[in-house]
Amino acid sequence: SGKTNNALFRRLLSTEGKNSSSSSSNGASKSNDLNLKLKYAKTRAGTGNPEGVEKGIEGGAAGMSMIPRGPVSWPALGLVAVAAASAVAYYKIERERRLEQAMGKIVSTGKPAIGGPWSLIDLDGNLVTNKSFEGKWTLLYFGFARCPDICPSEMVKVGKVMDTLKKEHPEIADNIVPLFVSVDPARDSLKALKEYAKDFHPSYIFLTGSPEQVQQMAKKYRVYVSKADETEDGDYLVDHSIVIYFHDDTGDLADCFTQSMRPSDVMEKVIERMTFVPTF
């Protein structure tokens, strides 16, 4: 029985030793698994930097900081401003592009849906109608004499087109008449327009009329006209469509040119339209 007791005692010791060894092994395995998970975990910023994670846990401040950064910097704000300005510019260009496409569809599908008969007076007080220019091609622009920048810019553009055509294609230039129609007849008297005309190309013909006449013509050409920035003393600006309408020698609309087009672009289109020979 003494031998039996000794054998049982040795078995118990052996079993405890194995359990202890197994428990120690399992603990080490779980610890290794946890370290592996931490090692390859991604940070909040999505960097997935294993070195940073280890240092953040074991090294305290030496690791990657999980504290959010400070306020937005000036360079970042500058980038936002540039992006916003680009978006606005893109919107304007896209709007003009769509307008050109719409006009192109109108022109290319038979009788133009804009334009029509009209009657105004020139700087000498003579009655002028759309029939007055049959046999000539016309570049028609709606504006007003007190316009600070856009109208002068568009009219100078047409002047450059006329000068270049005169040098390179004189036969074409001789068949084109630029027209300016005032959308501010209340202030653009004949005297005011005569002074205004001195600053622009000599081939321009300036036209005005009664408010009703101008309104009717603007409506036929779908020109948007509205008072803007009116002051206490009655002064104001005029918001209006910025389009140059190009008519053929029969008075039909041949094309239109928006503000974004350069003089060279306009000249190219003018030559293309005036030299086009249809094939049947």
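The backbone N, Cα and C atoms fix where each Cβ goes, and this holds for glycine too.
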Cysteine from C147, C256 that TrEMBL links to C151 by a disulfide bond: C147
Sorted by sequence, non-C147, C151, H240 residues with Cβ within 8 Å of centre, Cu cation: F142, G143, F144, I150, E154, V183, V238, I242
For C151 (Cu cation binding site), the number of other Cβ atoms found within 10 Å of its own Cβ: 23
